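Undergrad: I'd like to ask you about the structure that follows.
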């Protein structure tokens with residue numbers, strides 16, 4: 001396994017700083033059992049009525065469902081540890097646990113569903129909108145592109161291979177539209193959009209600002225539909241997140257350009273603006289830029305951080321559905337922060353160099369990681385080959401900076 005060898009490499013064993021109590025997202029008493037609050041919400045609270053007797057040698061933590069263990073493990077430095085024993089179980093849960101509720105997620109431009117499991121875990125479901133080998137048409141603007149379920153799955157694994165670990169776990173899943181969405185939804189607006197197509201397939205389209213119409217309906221075969229299931233982060237009422245507008249945000253306009261596209265010295269301006277004027281925030285943003293360039297994602301207008309950790313924490317790489325849309329073109333403008341600032345973390349640069357070598361070739365590692373997903377093959381081969389080509393361009397951009 002190339003993947004196992006990669007995670008044994010010294011560059012993947014650089015220790016994270018010691019995690020103190022204040023570095024944890026949640027402070028949990030390991031002897032205290034948790035139960036669902038009686039208000040009927042999906043919020044977990046400490047339970048005084050819970051049984052105090054636990055099996056010998058077990059702590060209350062051992063009784064938590066996997067999703068709750070994932071939430072409890074989040075800290076200032078990482079969303080989940082490198083060698084996280086929970087990860088295989090969490091991915092398996094996302095792919096196979098019984099779905100007891102499906103409702104449409106509010107907001108966003110395209111249709112997404114929130115699915116709930118019997119243990120109160122929840123996942124974000126993005127349905128399949130196009131086949132693996134369809135490329136985004138060249139005349140499409142980035143802001144009118146489809147969101148792809150397989151891009152969400154591949155982005156999670158790519159983020160882990162780059163050792164960022166800033167995307168919540170995602171698994172592919174085959175969902176039965178009739179039994180796992182239509183028959184159990186309490187969402188009246190969603191329920192009104194189901195129909196049977198002329199081919200006899202079960203379809204629905206929901207309500208949203210893009211692609212929610214009969215012409216863009218999501219149809220099963222006859223009711224089986226592929227999608228990505230992403231573990232949800234803790235509810236914002238329990239762990240506030242702050243949304244930051246990216247300084248290199250695109251204009252989202254058909255003809256207008258953003259300031260960074262017109263001003264070659266734009267980075268000097270960013271470096272003087274909080275929160276980029278101190279700490280490693282700018283370097284973290286450049287990490288995210290590299291991830292986006294590798295998968296061809298032009299849609300990174302905002303990013304989020306956990307409010308509790310202030311400026312000194314990682315960026316959450318959420319919403320990656322517009323990645324992996326084209327393999328035949330490389331969008332170099334995504335690399336603008338790296339090219340304009342000529343800055344990169346040493347650890348990131350060393351890992352990128354490693355991933356360009358034969359024993360640890362990036363495409364081979366991602367192919368291996370995706371082979372265990374229920375929807376394998378997740379990416380068409382040309383997308384995997386494009387990763388190696390794009391990695392070469394990232395390293396060339398750093399080389400150009402070093403030469404300057």
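Each residue, glycine too, has its Cβ placed from N, Cα and C.
Automated prediction, rather than curation, is the source of TrEMBL annotations.
Taken from TrEMBL, the feature ATP binding site covers 110, 126, 147, 230, 231, 232, 233, 304, 319. The Mn(2+) binding site feature in TrEMBL is assigned to 147, 319. As annotated by TrEMBL, domain 'FAM20 C-terminal' applies to 194-403. Annotation comment: TrEMBL describes 299 as active site.
What's the neighbourhood like for these features in this structure?
TA: Non-local contacts of residue 231 (ATP binding site) by the CB criterion (under 8 A, 6+ apart in sequence, same chain) comprise 67, 70, 90, 94, 121, 123, 168, 169, 170.
In the shown protein chains, 23 other C-beta atoms lie within 10 A of the C-beta of residue 319 (ATP binding site).
Counting Cβ atoms from all protein chains shown, residue 299 (active site) has 19 others lying within 10 Å of its own Cβ.
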Undergrad: Tell me, how many other CB atoms lie within 10 A of the CB of residue 233 (ATP binding site), whichever protein chain they belong to?
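TA: Excluding its own Cβ, residue 233 (ATP binding site) sees 21 Cβ atoms within 10 Å.
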Undergrad: Rank the binding-site residues 110, 147 by the number of other Cβ atoms within 10 Å of each Cβ, and give the residue at the low end.
TA: 110
